[in-house]
Amino acid sequence: MSVLQVLTFPDDRLRTVAKPVDAVTPEIQKIVDDMIETMYDEEGIGLAATQVDIHKRIVVIDISETRDEPMVLINPEILEKRGEDGIEEGCLSVPGARALVPRAAEVTVKALDRDGKEFTFEADDLLAICVQHELDHLQGKLFVDYLSPLKRKRIQDKLAKIKRFNEKQQNA
């Protein structure tokens, strides 16, 4: 398994709409395994393939406290949304930024697992929010897109400043 590089906002590749997975092959399973390792390495609770420059409809999520219950969603689709919720969200592709995003409180989701078997599940609370956040990535959408242009610009400027600082540190 390998840790993959996570793209950061405003990288245009994050805006790519992911394509469906035609078949769950050993190559797809390796991508899934690498994504899980990357999610854990980055201390995230979810990761979409788009975030690691793989434009396929693959998401991994683990909201467990023990960090050992990864959920794999291949070609995920939200069948139903119910209620309203929202929490202050963060994102591995927008490091250091958090914002309140409106989401459905509950969702019904259909997907394929790591072995290509179809399953359907109900999600609420943090899992419902995480699923919606990660599926947004597959559509080329980020949580900052829900914010005002001013807030989005502030986040972009902050990330650019952090990037410049890190580059200076590496060159020193």
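Cβ coordinates are placed from backbone N, Cα and C, and glycine is handled just like the others.
What Swiss-Prot records for C91, H133, H137 is Fe cation binding site, and it gives sequence analysis as the kind of evidence. Within the same chain, the residues at least 6 positions away from H133 (Fe cation binding site) whose Cβ sits under 8 Å from its Cβ are G46, E89, C91, V101, R103, F143, listed in sequence order.
Per Swiss-Prot, active site is recorded for E134. Under the DSSP three-state reduction, E134 (active site) is assigned to helix. If you draw a 10 Å sphere around the CB of E134 (active site), it holds 24 other CB atoms from the protein chains shown.
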Least surrounded among the binding-site residues, given as C91, H137, when other CB atoms within 10 Å are counted: H137
